[in-house]
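Residues or ranges marked as transmembrane segment by TrEMBL: 78-99, 105-131, 203-227, 247-265, 272-290. For 157-306, the entry in TrEMBL reads domain 'Palmitoyltransferase DHHC'.
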Amino acid sequence: MAEPEREQRPLLEVEQSVTSIPEDHEATCWGCGLRLVFAGYSPIYKCGWCGAITQSNQTTRKPDSVWFSHWRRVRDRFFVTVLILFMLFVICGGVWAVYPIVFKISNFCGIFHCMVTAVLAVFTITSYCLASFKSAGAPTNVRWGSYPLVGKRDLENYTFCTYCNKPKPPRAHHCRSCKMCVVDMDHHCPFIGNCVGASNHQVFVIFLISVVISCSYAAGMTIYASYQIWPSVDFPNLASSRHSMSFWKIWLEIITTVAGSAFFLSARGLVLVYLAFASLSVNAGIGVLLCQQLSYIYEGNTYLNHLSSPNALRGERGLQNIVRFFGCPYPISRVLLRYSNAGKLQDNSGSKLL
């Protein structure tokens, strides 16, 4: 029985060695058209000549329906129209309600605040129009599809967009609302009816900053003007039984009395109250969005990249990203970078001590 076992062992070893030989696969690079031969199957591969990345299981996507595209276009235009009308209402309503009260203080005070309002209004509306109607950053046209036309590394890390049927550069994404690929796309904002990308990201953040400053100024002016024209309020219950009332009952009495006196306000006073609440609400929402945008810029990332690959490796974080993003003048950038480097040195020294 021992002799047959000795004869079968070499046969098993030969069979195992034969099955371990990988099978060659062929594919065609979409970037340069060259045929690629590689060992083993891979759903994603990169061309060694042009550098384009190809996905084997990627298929051409069907275009969106006409109704879906029409609905997105109507939605964006509706939001843009509403936002422009709201900004004009806040500006015109604030001037009508606030400045008769401001001019009662002095002519200089009234003229000064008129100039401040004009500067903030022009700056906010201009930055909004630039963010809305400026191209978000369409990719540049490159040669592709034929080996004689494509040079070595001309399509480095490019992928193929199945919506546009065109090459898509790194950090670019396709927007189905804008029907185009956008370089360094952050997100599609329906309130500006446009994508936020490489070409208009800076002016979009400037618009957010101008909205925060303008809303803070509008809230302060409307609260001051409301205080000047508010009807006199008496608190008879607090004067008689203040010591026997709890803290919450005192606050409830104050809020109820002040809210009841609002019925005696004029039309100007009601507009002031509405503008004050609207300015504070918009300021809170836009302030959160601005902080989020600045944090992503500080990290050298975008909102869409953060969602698609939250654990991916990113570039170096620091103030140099904000300086580069806003294109700060040399003296300002030098001070900011010096402060950033000092903070990094402190962090490194602290980590070494630990």
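Cβ from N, Cα, C; glycine included.
Nobody curates TrEMBL annotations by hand; they come from automatic prediction.
Sequence-remote contacts of a segment are chain residues at least 6 beyond its ends whose Cβ falls under 8 Å from one of its Cβ atoms, and for the transmembrane segment (78-99) they are 110, 113-114, 117, 121, 124-125, 128, 132, 190-193, 218, 221-222, 225, 268, 271-272, 275, 278-279.
Per-residue pLDDT, averaged across the domain 'Palmitoyltransferase DHHC' (157-306), gives 87.
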